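Participant: Summarising the annotation, TrEMBL assigns region 'Disordered' to 1-37. Summarising the annotation, TrEMBL assigns domain 'AB hydrolase-1' to 78-317. Among the features that TrEMBL reports, active site is placed at 153, 178, 305.
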């Protein structure tokens, strides 16, 4: 879900429904693209046009299987975690812009996309963190490459918690996309209303894609064509499509996603980048931390909550600049004239 989307929790929902002077008020929502009534414009796109491979990662000793999309063959790994109600394909367009200079891995979190677990409704922060750690260890075993964790909204919270646990030995960077504790916590009382206000049923996948850019959370039609189908399931009883992830049933976990997030983010001992869709999302702790130079912050203009989907080229450029600025190579930090070393 989302933390900055009315934030946070709704993720897949409609950020502009907030009835306050927040970043989600109508006056602050960027204009939506012109839409046509052609079904072809909203036809689904295949993942193979954006990623190189897809794999199912089975976690030893469990029945949990996590779906992961990967691309690229050189450089550090940009390991992407989507927001609540999204999927790994949320990073598809960005991946196609990253893979020439970095490897990309984007997993479907528990209860999302093509992943399957014994309890898809357990979206507690501890469970989500343990899932990510288990997938990384299963993929890279005892010698992981340099990893930059990238998380959007709920996935941003998961990324911060994973980095703070220090359970993965080779994390060299942390990129958090449009999630801030203060905004997220303040929005929780609105979340159920936001979720219930979304269009709930669609006669076709094309109609769901069309709604996502006309009345939903996205601004980029191409990204919507790629990512939205993976967030839906077919309801035979209603003869229509609806959301795969019942975010409204995860309310008991929402507070745990965001409480204490700012201090945990600031305490992570790796280079950090915070990408925001609006300056009003900064809370007090982050404002002070940013003034003290504890992390890099970029406000991405003319975008909605899903920055990586709305402006994938700019998003990829910001991530690659972050990697270059911090000299993160395939095995770790690289210092000119000195062998690469692990932190």
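For all residues, glycine too, the Cβ spot is worked out from N, Cα and C.
Please treat TrEMBL annotations as automatic predictions, because they have not gone through curation.
Bear in mind that the values here come from a model prediction, so they are computed numbers and not experimental data.
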Participant: What Cα-Cα separation, expressed in whole Å, is found between residue 153 (active site) and residue 178 (active site)?
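Facilitator: Between the Cα atoms of residue 153 (active site) and residue 178 (active site), the distance comes to 6 Å.
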Participant: Whole-number answer please: how many Å between the C-alpha atoms of residue 178 (active site) and residue 305 (active site)?
Facilitator: 6
Participant: Averaged over the domain 'AB hydrolase-1' (78-317), what pLDDT does the predicted model reach?
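Facilitator: Value for the domain 'AB hydrolase-1' (78-317), mean pLDDT as a whole number: 96.
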Participant: Say we define neighbours as other CB atoms within 10 Å of the CB. Which of the active-site residues 153, 178, 305 has the fewest?
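Facilitator: So among 153, 178, 305, the active-site residues given, the one with the fewest Cβ atoms within 10 Å is 178.
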